[in-house]
Amino acid sequence: MGRKEMMVRDVPKMVFLISISFLLVSFINCKVMSKALYNRPWRGLVLSKIGKYKLDQLKLEILRQLETTISTKYNVSKQPVKNLTMNMTEFPQYYILAGPIQNYSITYLWFDFYSTQLRKPAKYVYSQYNHTAKTITFRPPPCGTVPSMTCLSEMLNVSKRNDTGEQGCGNFTTFNPMFFNVPRWNTKLYVGPTKVNVDSQTIYFLGLTALLLRYAQRNCTHSFYLVNAMSRNLFRVPKYINGTKLKNTMRKLKRKQAPVKEQFEKKAKKTQSTTTPYFSYTTSAALNVTTNVTYSITTAARRVSTSTIAYRPDSSFMKSIMATQLRDLATWVYTTLRYRQNPFCEPSRNRTAVSEFMKNTHVLIRNETPYTIYGTLDMSSLYYNETMFVENKTASDSNKTTPTSPSMGFQRTFIDPLWDYLDSLLFLDEIRNFSLRSPTYVNLTPPEHRRAVNLSTLNSLWWWLQ
């Protein structure tokens with residue numbers, strides 16, 4: 001009987017504890033909901049089902065006004081009748097910047113319209129946010145999702161206009177990511193639903209460039225937004241990059257690309273000094289023969305790498321370059337991806353004909369402002385004047401000015417990364433010619449490619465004089 005009385009007395013306490021727990025849980029949930037509400041791109045009160053339905057219908061109506069048909073060529077799109085402007089009291093949270101954030105003027109960006117509200121894939125619209133008027137202007141049509149070739153093409157079109165507020169970076173230098181001494185292989189990348197045929201050197205270059213230019217924005221806060229936006233179509237670059245790890249990685253790669261030290265030279269000299277030629281005591285002619293033989297043996301035993309063959313009298317090929325030069329070269333390489341996809345790479349294409357990729361890339365050799373499918377690009381930062389020794393005037397470059405002497409002349413030439421890129425095109429052309437001849441000639445040996453020594457070496461490219 002006493003136990004029942006105690007249980008009856010404990011009932012109010014249990015009810016009290018349960019009610020307190022319920023209030024505490026509801027309070028925590030309210031805080032979580034308010035925090036989630038604060039992070040929404042369209043902020044406001046918690047809507048009912050009817051309110052959410054009306055908001056979704058409003059978004060879909062705006063998207064319907066933005067949608068237009070995009071033609072098959074990426075640089076030509078059907079222009080809408082007008083842009084769409086709406087109020088937005090705060091800067092959006094889901095975006096890809098096309099230029100620096102300018103708090104007292106206009107910021108250019110690709111706005112993620114769907115965000116997380118409609119639970120659909122991101123759909124980016126090129127927009128302008130006015131910080132003074134607190135409005136956002138959509139400039140249709142939307143390019144679609146990222147990654148995709150349509151968004152990459154729109155980013156290249158915007159970079160051609162150069163009206164997003166990007167500025168130069170002065171004399172800021174960075175590492176050279178155009179490696180020449182790398183294994184060569186081809187693969188297919190999915191840029192959204194599109195397959196793109198890419199070689200290994202292009203992947204290494206664009207991937208390392210994305211890291212270097214993202215890190216360079218710490219010093220150049222008004223630069224490299226467009227090329228970093230392009231990189232999001234191929235790579236997932238972290239927002240924050242460890243500078244120490246990046247520098248150590250690039251230095252290791254740089255040492256591997258540098259000329260190989262003559263490790264066998266001392267050993268060869270020691271062997272030569274201890275070895276007594278068999279005919280050294282007879283005649284001078286025999287002495288010359290044995291000396292030549294000994295020299296040829298030491299030369300064969302010494303390792304000769306492709307990186308030891310230079311076209312510059314420098315001790316290292318991987319010198320630092322200007323960050324703006326790296327940006328311009330990366331922009332050019334992104335334009336070439338258009339010609340590495342279908343229908344230009346169909347299996348049923350004529351393999352003996354000139355590829356569209358070669359037709360597009362050859363214009364950079366003779367023209368500093370080449371015309372591309374996205375318009376004219378200014379690549380003048382990739383060239384410079386150099387005084388070079390000219391042995392034969394008729395075979396020299398036609399772009400040189402009047403020489404100061406019969407053996408010297410000024411010549412317009414390329415910076416090191418562009419030279420290595422053109423040399424890789426020569427290597428690809430050699431592989432292409434070998435693959436075309438191998439079915440006919442069974443015992444052909446693969447070509448051994450060495451880096452181009454001078455401009456005359458690149459003349460073997462069929463499109464050099466086009």
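Yeah, the Cβs are placed from backbone N, Cα and C, and that goes for glycine too.
Fair warning: this is a prediction, and the values are worked out from it, not measured in the lab.
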May I ask you to name which of Asn83, Asn443 Swiss-Prot has annotated as N-linked glycosylation site? Asn83
Going by what Swiss-Prot says, which of Asn162, Asn367 is noted as N-linked glycosylation site? Asn162
DSSP says Asn87 (N-linked glycosylation site), in three-state terms, is strand
Compute the C-alpha separation of Asn219 (N-linked glycosylation site) from Asn171 (N-linked glycosylation site), stating it in Å without decimals. 11
What does DSSP call Asn157 (N-linked glycosylation site) in the simple three-state scheme? helix
How many whole Å apart are the CA atoms of Asn162 (N-linked glycosylation site) and Asn171 (N-linked glycosylation site)? 20
Look up Asn171 (N-linked glycosylation site) in the DSSP assignment and reduce it to helix, strand or coil. coil
Nearest of the glycosylation sites (Asn157, Asn171, Asn242) to Asn87 (N-linked glycosylation site), judged by Cα-Cα distance: Asn157
Can you check which residue among the glycosylation sites Asn157, Asn162, Asn219, Asn242 has the largest number of Cβ atoms within 10 Å of its own? Asn157
